[in-house]
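Asks: Feature table excerpt (TrEMBL):
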DOMAIN    44-99  domain 'P-type ATPase N-terminal'
DOMAIN    129-204  domain 'P-type ATPase A'
TRANSMEM  297-316  transmembrane segment
TRANSMEM  351-369  transmembrane segment
ACT_SITE  Asp415  active site, 4-aspartylphosphate intermediate
BINDING   Asp415, Lys416, Thr417, Glu513, Phe554, Lys583, Arg620, Thr700, Gly701, Asp702, Arg786, Lys792, Asn816, Asp817  ATP binding site
BINDING   Asp415, Thr417, Asp813, Asp817  Mg(2+) binding site
DOMAIN    839-1087  domain 'P-type ATPase C-terminal'
TRANSMEM  875-894  transmembrane segment
TRANSMEM  906-927  transmembrane segment
TRANSMEM  948-970  transmembrane segment
TRANSMEM  990-1007  transmembrane segment
TRANSMEM  1019-1043  transmembrane segment
TRANSMEM  1063-1081  transmembrane segment
REGION    1161-1189  region 'Disordered'
Amino acid sequence: MGFAGRRKSKSSYFRRKKVKADNHNRTVLLNRQQPEELQHPLVLTNYVNNKIKSSKYSIITFIPKNLFEQFRRIANFYFLCVAIIQLSIESPISPMTSILPLVFVITVTAVKQGYEDWLRHREDNKVNNAPARVLREGKVMDIKTCNILVGDVVEVGVDEQFPCDLVLLLSSDPEDKCEVTTANLDGETNLKTFVCPTETQHLTSIDDLWKTRAIIECQMPHANLYDFKGRLEMYLGDATTTQAPLSTDNLLLRGARLKNTTLIHGVAVYTGEETKMALNSKMTNSKFSTVEKSMNYFLVFYLVLLVVEMVVSSVIKYQLYDFELMSKEMWYLGLPPNITATAEDVVQDTFSFLVIYNYIIPISLYVTLEVQKFLGAMFMEWDDQMKCQATGEKCKCNTSDLNEELGQVQYLFTDKTGTLTENTMNFRQCTVGGSKYREEEGELTVLHPDTNTTTPLTVWPVALEDMLVTLALCHTVQVSLDTNIKTETRQTEDGMIEMTQRGLQYQAASPDEKALVEACARYGVVFEGQYKDQLTLTVHGNTRLYTRLQVIEFDSGNLITHRKCMSVVVREEVTGKVWLLTKGAESSVLQRCGAGDSDHQHLINTTAAHIDDYAMLGLRTLAIARRELSNKTYYKFASELTQAKQMVEGREAAVKEITDRMEADLTLLGATGVEDLLQEGVQETLEALRVAGIKVWVLTGDKVETAVNIAYSCGHFKRFMTILTLTALKDDQKAHTRLNACLQESEAEGHYGLVVDGVSLQLLLDNHKEPFYSLCRRCTAVTCCRMSPRQKAETVRLVKTSKEGPVCAAIGDGANDVSMIQEAHIGLGVMGKEGRQAVRCSDFAFAQFRFLQRALLVHGHWYYVRVSTLVQYSFYKNLAFITPQIFFAIWNAFSTQSVYDSLALTMFNITYTSLPVLVFGLFDQSIPQHLLLQRPHLYKRIANNVSMSWLAFFKWAFFGLWHTSVLYFGLMGACWDDTCGLPRGETPDLYLFGTTLVSICVFITNCKLVLEARYMTQLFMWSFVITAVGYVGLNLLYQGFLIDLVDNYGVYWTYYRMFESPSLLLTILVLTVVCLTPDVVEQVYRSREDPRVVEKYRRKRRSSPTVTLKAVINYVNDSFDPMEGGNSVWEVTKKTTTTSDLKGYDKDDDATLQDTEQTRLTHNNNNYRGTIGDRISTNNDNENNNSMHYRGRVEGRSISVESSGSSIII
């Protein structure tokens, strides 16, 4: 391909050899052998071997490393400190009460993590011990994959995976290329073509490879799959060298698989942990959910409360020493008068209070939450209603840490192409030489703009053929043949013979390229394929040959290049002419076209106008241009470009400077318009999200007109909206003026949409960030056009870091969306046709955009309610359990005596109350899924982390204090007469009191969870049965036998004695009712807002015929005249309507509007979906003139129905 390499003189070569290999690049010796010509051998670093290690632990490091990681959690570290304190002091309770729960939590987590790591070890061994073939000592040897070293030449056969990152040197393919699938890396299933560097294409055998001496200089290892820069320097044996640039086209990545090529040989440049696959596997996002942040605040609150309780209890205890009551009336305590407390006493008592109060912190919270999230993520992956029927792909959860965050989304940033649209391109129109053409039934026709009619194309203009030839050459499409290839021949009216090849299959990385090449083939300009650098076209039956000299790849406008176009340099074999062919965004291509004469300037203006017309139709546009280069000019450019591509650092800037000069003074040929259809369910999903209170921003690289048109067609913009524009702002003063005007206009009441382009956005973000964001907040919908990947991330960051701190989600399908996906609180990927990098980097991924509705409105709602209830319940039950310790301290003069036995303190969190809440967290459904989908406004109920607010926290704390107060003082009252109804006149002791207290507490706290549940399952009920049986059985065993090991003499037979007292049993029943009565009242009050209760109540009121909105809609549809605008206008004329025409109409003053089926409203092309369930009123004052007015709501949006005389308007 042109001047791919160049020779250097001997003197310059030896001067360069004095430079050592720098630390910014990697130097690789082919076959790990120094070239003999080097006077000073290179000193290279020792690179890692090819051993993969995805595991975290070894047998030696597992225990210390795992313990270190677990005790980094504040709760685990806290209980470790408490356990150490209990062992260090004269503890009022057994140290086992802290040690056993801690050991249990640590052990469960360690077993889980150890098993997962064992699985990773097993997979690592499979990979590391797999056989590989390398070239050593002049022959191919079989070794283990882990023993491959950097510089080894590796042999790979067809259908084998590449064991490391290789630079392709030799291929069995005659064109010195190979085909590869990278599904394991980016999910793309199409074949990709990789080529040998030009300087190695003369090699033919293994012996040639072994004798070759070369040095590769390339980038240090990094994770970007689509970025590789390097330089190959070969030594020819006569003190001269030749160089060739290396790029991603030469790099075969580990994990990819060789296809359709018998054998290849490549040199290992990145091995083991430094391969791109391994580096990407280490990419993790440190994201924390809103619930988890609130949970940490609650944890700090209880820690502070614990410290306060310790200090207050200690102070009160020593204040009591001054009372005569302590020394005289309570003489049995043995306290001498005027006792003085020592520092040791204070420390002992303070830590003792810590020991008996510390259970206010739920030790099982973290492990329960971790298990619930891990298992909960599986349920979303198993949801068949989020499975694409066409591809069979299901939802994918890359993390389980953010499940509940799906229920808190306030802003959604979405890509357009491939996310809202199918990314299936179809050629529709083009403009050439100022004339418009449109495809109809596979034929290109001339479009007459004035009448919007077409006529058949009888004579092919030269300009049209030139543009089709340009499109058929300017691409990187690969061609494959079907087994059944047919050639169709036909004769046109002017006697020409047209031959059409059938059976060609085009494979392209870009759907646009494939659509354009296929369109050219339909019009008689068929790209037949390429052999090495020779391209073959069939133009209306005539074969033309071209030699591809250079390919300047397309870029989407990164920080350095900003080209937004691609170019191909070809030589026409017949004429010898060299052409630079360019296609790309009109903003890039048109400015590169030379002004030339007035005719060419007129063509540029006309084409620009046509491009705007295509954009208004929602078509994706590309401008096409070319330039003829002289041989001298091309050779100069080629030499400079080769030198620039050989640079490892600063390559992009150097290449851009040369390509800008090459792609100048172009001659415009025309432009194309390609259609990208909307995905199924996009309109309904966007409307549902809007009703749910989620603001949607569309961030796209398309031009303004295209983006706005798509925004209207998908329902993002509504016809009733006022659209504000911030586009084409190039100076700060203009931007400031226009922004202020938009702010003033948006102050009026109404619905607003905003359109901003990339150039204006950058100016606004740099100089007017706050007022710009203020304007965006006032707008219902925002569309940003001509966005670069960096700008997408900056836009997400603008909203994410605002003072409101809303929860932001970003969804996209391509590599250019990765930056905004990773920037957002929740990253969402779409399994589209632009690779799977977005899916790999996302937190959750779906096959289609429409599944986002179910993910947020159903799973997000359920997850949030489950997790928030689990967290609040965990704090509640520990508050209810441990507060009696404080009450009892008042009775025992703060002597640090525990009211509970050690077994209760040990088992309360890990067995007595853990299983039901875990099952609740997995299966509870606060609202049925059909209601959540039909009524998206229910999503607003859980917005702003309402269930984890301080108000909700204190509400749970209030119930905890109420329950614990009733339990303690109620039981104290039952035992006040010292008989408690025990047989034989026995009196209750502390152990009976404590055993009864913990029994009631366990029962009450589990009943509280039953009241919170909204979806009863057999598994949920069985969890209570198992808990109850386990509690009773454990106490019967523990208190029924004397066990020296646990020192249970005090509680011996206590549990049995509790059942001997009818008074205690009646007390348990009465206290349960008293405790839970406020909870039941609160649940009844809350049920007023339960959609199921409301729906049931309304059904009962349907005792007479009612006016339903569905009846009105059906009447309008039946009466509509299709000649008046199709289904886009809800206004019916030419038909007199009376109240009797409305089915189900009743003349009562108040009627109930009830329709539990899903209804769809359309008004001026704006779609609404929802269930109608609100009251409407009938205005009887207008009944005599057949006029009515109804008011209702559709998913939270007001609607009205009017009937007056000869028209009905909704």
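Placed from the backbone N, Cα and C atoms, the Cβ positions cover glycine too.
Note: TrEMBL annotation is automatic and uncurated.
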Asks: Just give me the nearest neighbour of Arg620 (ATP binding site) among the recorded positions Asp415, Asp813, Asp817, Cα to Cα.
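Replies: Spatially nearest to Arg620 (ATP binding site) by Cα position is Asp415.
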Asks: Is the count of Cβ pairs under 8 Å between the transmembrane segment (297-316) and the transmembrane segment (875-894), pairs 6 or more apart in sequence, 3 or more?
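Replies: Contact confirmed: at least 3 Cβ pairs fall under 8 Å.
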Asks: What parts of the chain pack near the transmembrane segment (948-970), using Cβ distances under 8 Å and only residues at least 6 beyond its ends?
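Replies: Tertiary neighbours of the transmembrane segment (948-970) are 290-291, 294-295, 298, 301, 868, 871-873, 875-877, 879-881, 883-884, 887-888, 997, 1000-1001, 1004-1005, 1008, 1067, 1070-1071, 1074-1075, 1078-1079.
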Asks: Per residue, counting other C-beta atoms within 10 angstroms of the C-beta, which of the binding-site residues Arg620, Arg786 reaches the highest number?
Replies: Arg620
Asks: Do at least three C-beta pairs under 8 angstroms join the transmembrane segment (1063-1081) to the transmembrane segment (875-894), pairs 6 or more apart in sequence?
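Replies: Per Cβ check, the transmembrane segment (1063-1081) does not touch the transmembrane segment (875-894).
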Asks: Give me the stretch from 875-894, 990-1007, 1019-1043 with the greatest number of Cβ pairs under 8 Å to the transmembrane segment (906-927).
Replies: 1019-1043
Asks: Rounded to the nearest Å, what's the C-alpha distance separating the residue listed as 'active site, 4-aspartylphosphate intermediate' and Asn816 (ATP binding site)? Just drop the number here, would you?
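Replies: A Cα-Cα distance of 9 Å.
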Asks: What does the structure give for the C-alpha distance between Asp817 (Mg(2+) binding site) and Phe554 (ATP binding site)? Integer Å is fine.
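Replies: About 17 Å separates the two Cα atoms.
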Asks: At a C-beta cut-off of under 8 Å, are there same-chain residues at least 6 beyond the transmembrane segment (875-894) that contact it? List them, or none.
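Replies: Sequence-remote neighbours of the transmembrane segment (875-894) are 298, 302, 309, 313-314, 316-317, 320, 326, 330, 333, 349, 353, 356-357, 359-362, 365, 900, 908-909, 913, 953, 956-957, 959-961, 963-965, 967-969, 997-998, 1001, 1004-1005, 1008.
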Asks: Are there residues at least 6 beyond the ends of the transmembrane segment (990-1007) whose Cβ is under 8 Å from a Cβ of it, and what are they?
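Replies: For the transmembrane segment (990-1007), the nonlocal Cβ contacts are 876-877, 880-881, 884, 897-901, 904, 908, 912-913, 916, 963-964, 967-968, 971-972, 975, 980, 1024, 1027, 1031, 1035, 1039, 1050-1051, 1054-1055, 1057-1058, 1064, 1067-1068, 1071-1072, 1075-1076.
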Asks: Should anything in the same chain at least six residues away from the transmembrane segment (1019-1043) have a Cβ under 8 Å from its Cβ atoms, list it; otherwise answer none.
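Replies: For the transmembrane segment (1019-1043), the list is 903, 907, 911-913, 915-916, 918-920, 923-924, 995, 999, 1002, 1006, 1010, 1013, 1049, 1051-1056.
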Asks: What subset of the binding-site residues Phe554, Gly701, Arg786 lies within 10 angstroms of Asp813 (Mg(2+) binding site), using C-alpha positions?
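Replies: Matched binding-site residues: none.
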Asks: Among Asp415, Lys416, Thr417, Glu513, Phe554, Lys583, Arg620, Thr700, Gly701, Asp702, Arg786, Lys792, Asn816, Asp817, recorded ATP binders, what is the largest CA to CA distance in Å?
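Replies: The widest Cα-Cα gap among those binding residues is 24 Å.
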